[in-house]
């Protein structure tokens, strides 16, 4: 429509100028230019562009130059069509994005479901654990027949039983390594999980007040018998920190027992010597009192 308006206005202005120029010359024939001729040429042009005849009819009835406001309706219609088209495209894009989000969400849910299935754990009852521990005490590596029999008796699958024994052996190896490194694992509860020679179950640790009491006893013995001080100093660690009844290697227990025996023998011999010295001192005092 804008092209049609520009063409009509341009044609009318050009023909008007040509007519005025010819009249001014005086010699030439004056061409009669009418507005209808311009409109007819514009009509032909509009048919080529596909414009409706109603718009040209409005221009013919209005007269004068081609008013632009007559084409406002067509421009508004075009804008509405463009707006509807754009809205449809936006809606289509939103729908596609929504579908993609739903697909991604469904994939994430599937992945989470797979992870949850992999992390499924079996909660054993106390009876099942007792049976498993009893068989583990007998052998750490049960064969397929033993696992199958145990699984049927406990109502578990053979795979679950096999996995339990694998985890149990791993736990036992870990405890063995810690015991070899001298790491004290726990308190009064025994490590009945692992039964490996030459190690035995570990007992409770000595309390701090017991250590203080042992130190006081050591100081009292050293003060009463000064001649035993070197022996007590040599074996002070064994007296201050007596070995627990359980939890140390047999070699360490034997060494501490031999050290205690040496200290006891030294104390016994020294006590005999001290008693003889006391008797001699008393006899000397008695002789002096009698004036002998």
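Note: Cβ is positioned from N, Cα and C throughout, glycine not excepted.
The structure displayed is predicted, hence computed values, not measured ones.
The DNA-binding region annotation in Swiss-Prot covers 117-176, and the record cites sequence analysis as its basis. In the DNA-binding region (117-176), the DSSP tally of helix, strand and coil residues is 45 helix, 0 strand, 15 coil.
The region 'Disordered' annotation in Swiss-Prot covers 1-34 (among others).
Per Swiss-Prot, the feature region 'Disordered' maps to 100-119 (among others).
Here Swiss-Prot flags 242-249 as motif 'SH3-binding'.
Swiss-Prot lists 274-287 with the feature motif 'OAR'.
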Per-residue pLDDT averaged over the motif 'OAR' (274-287), given as an integer: 80
DSSP helix/strand/coil residue counts for the motif 'OAR' (274-287): 14 helix, 0 strand, 0 coil
